[in-house]
């Protein structure tokens, strides 16, 4: 679609794209908060929702079950009926879901809503990066997609700051005694729902992707969208847009009205191409890389607050820090013996549940994690054009393996926080670069479906990682971290086999 790439270049990068980035930011925040906020809420709400460790684990995992169930289906529909509709519906659904989640009065109600939110995340998430990519001029696409990845890092900072501000508050509002009571964690979730509402409003006023419209024969509509972008970005009259047609004849092709049956039949033909070479090879390679990457990254990120709390409580209880392994082993031995120091101290009144609240150090470490990840993404955005995606991914994965393996020799809690944040940030940056690749290596007509399949496999990785992490931790304090290092080194080797998308699409633009 060389002519479309030329049209986007003529439109330049301006006000329209800033509006699109604002919608993307809000939507990414909404998606990330579905899983991230749970890590902060569980310790505070354990008494209100009567949760044990098994229940907490299920609450953490349940959104991924929801996402796995419908992700491929929603990807296929987004490729068939458009990105905009699913972004609007998904964000509005997440807003309603988060508000209901914030109103939860028991564990099973919240669990069901988390499952529903997982489904709604799939409805919107599969089209976010696709929509952004298809509106962005080729020259700045890599950098814009890395900025998009930075939004996920920024969401970690905002989630931690909001949690630090809201969760320690002594809130207990009795609206209907015994039936409807609100605590600090309820208010925290209400606050977090604002992002999906803002995303819904912004996407409602944005047009459909011109690349999607053009690939489905809607040439007139695609041209009107490009005229709007041109006018917003340059300030010129829309009728002065240089391109008058996408066809060689110079005349606009009328848009054919297709029945639902014809649309589905046409979409199924495109799906067949996805499972033929070379696309099948790319699909399998991308799926494996994302599976392995999310297996270590998601478990590392979701368990980070717990590890931070272990280190913080060890220092408080013993008056000093120790080596990383000593602190982790001390906690695990306490769990196995059922003799947690905190449990003994809190058992002042039989039958009274006292939640083990995270201290300020845990929230601060969450903020450090977000900032470190954001810095890495920004540096990558500056280097990707000069160095190239593949070389950059290779270097980042090697560095993440080194940082993770170095934890064994650390004694200082600040150094531990920096190394864990660096490992997590580097892994997320590497995954972001991979996301940017697979958004571009598949044709428009099957792109969202391909992304959905890859993310489906990736979510199995997220589930597997969260199950394996505590098992490895029981085997030895460094087991999960050595495993993370080995996986990162293995992925660095696989980078060699990834396609060079800028070289392949230099003449024709992204397909």
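Including glycine, each Cβ sits where the backbone N, Cα and C put it.
According to TrEMBL:
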DOMAIN    19-502  domain 'Major facilitator superfamily (MFS) profile'
TRANSMEM  20-45  transmembrane segment
TRANSMEM  57-78  transmembrane segment
TRANSMEM  107-132  transmembrane segment
TRANSMEM  144-167  transmembrane segment
TRANSMEM  187-206  transmembrane segment
TRANSMEM  279-304  transmembrane segment
TRANSMEM  363-384  transmembrane segment
TRANSMEM  391-409  transmembrane segment
TRANSMEM  415-437  transmembrane segment
TRANSMEM  449-472  transmembrane segment
TRANSMEM  478-498  transmembrane segment
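When each of 107-132, 187-206, 449-472, 478-498 is checked for Cβ pairs under 8 Å to the transmembrane segment (415-437), 478-498 comes out on top. With respect to Cβ pairs under 8 Å, the transmembrane segment (279-304) is most closely packed against 478-498, considering the stretches 20-45, 187-206, 363-384, 478-498. Of the Cβ pairs linking the transmembrane segment (20-45) with the transmembrane segment (478-498) and spaced 6 or more residues apart, fewer than 3 are under 8 Å, so the two regions do not touch. Regional average pLDDT for the domain 'Major facilitator superfamily (MFS) profile' (19-502) in the model is 79.
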